[in-house]
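Below is one structure, written out as structure tokens; the observations come after it.
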Amino acid sequence: MSGKENNFPPLPKFIPLKPCFYQNFSDEIPIEHQVLVKRIYRLWLFYCATLGVNLVACLAWWIAGGSGANFGLALLWLLLFSPCGYVCWFRPAYKAFRSDSSFNFMAFFFIFGAQFILTIIQAVGFSGWGACGWLAAIGFFQTSVGAAVVMLLPAIMFSMSAAMMAVMIMKVHSIYRGTGGSFQKAQTEWSTGTWRNPPSREAQFNNFSGNSLPEYPTVPSYPASGGQWP
């Protein structure tokens with residue numbers, strides 16, 4: 001947004017890169033939605049941590065006799081889904097609540113729904129998917145109990161992530177329907193281009209209400225000295 005310096009991600013000074021986004025919950029998100037948006041943000045952090053734990057578990061799986069392809073895919077998922085999760089489903093949710101944007105709500109539901117399905121698949125743990133889910137962990141107990149115990153941790157975390165994602169989808173959808181959002185409104189935002197940088201709720205209110213104070217001269221006008229009152 002104009003006039004506000006990007007502050008996310010908070011990069012160390014020695015890295016010659018600058019933050020890409022401006023993020024301030026108390027400044028941009030209405031107070032009644034701040035808790036929910038923060039929870040979505042923490043869910044993204046938890047999912048990133050889950051991918052990191054899954055990478056370690058896939059390494060243990062590989063060392064104990066599993067396929068190295070799972071470790072390679074786990075590394076790919078960590079490098080891919082960590083930034084993409086922030087950009088593709090957290091930022092749409094953030095912008096949707098910031099400016100009551102139906103287009104961003106729709107983007108969140110579509111992408112976050114796909115993320116939810118993928119997380120369920122990761123929790124199940126099909127072989128060759130690079131995810132230490134329940135099937136992979138339980139099936140590996142016959143080969144290595146130690147590695148299988150390590151593999152149970154990401155299975156639990158993937159399950160928790162999927163459960164929390166389901167709760168977030170229902171909560172956001174309930175709020176979205178309660179505010180009068182619709183697919184038609186999202187189409188209007190798309191056709192007008194306002195979805196790219198939707199104004200904040202405060203800016204929308206100011207544009208709607210305009211200047212609430214009438215314009216009066218700052219100094220009252222009196223008759224000249226010696227004049228007569230009408």
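Cβ coordinates come from backbone N, Cα and C, glycine included.
Here is what Swiss-Prot says about this protein:
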- T194: phosphothreonine (MOD_RES)
- 208-230: region 'Disordered' (REGION)
- 1-39: topological domain 'Cytoplasmic' (TOPO_DOM)
- 170-230: topological domain 'Cytoplasmic' (TOPO_DOM)
- 40-60: transmembrane segment (TRANSMEM)
- 61-81: transmembrane segment (TRANSMEM)
- 105-125: transmembrane segment (TRANSMEM)
- 149-169: transmembrane segment (TRANSMEM)
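Mean model confidence for the topological domain 'Cytoplasmic' (1-39) is a pLDDT of 90. Under DSSP, residues within the topological domain 'Cytoplasmic' (1-39) fall into helix, strand and coil as 13 helix, 2 strand, 24 coil.
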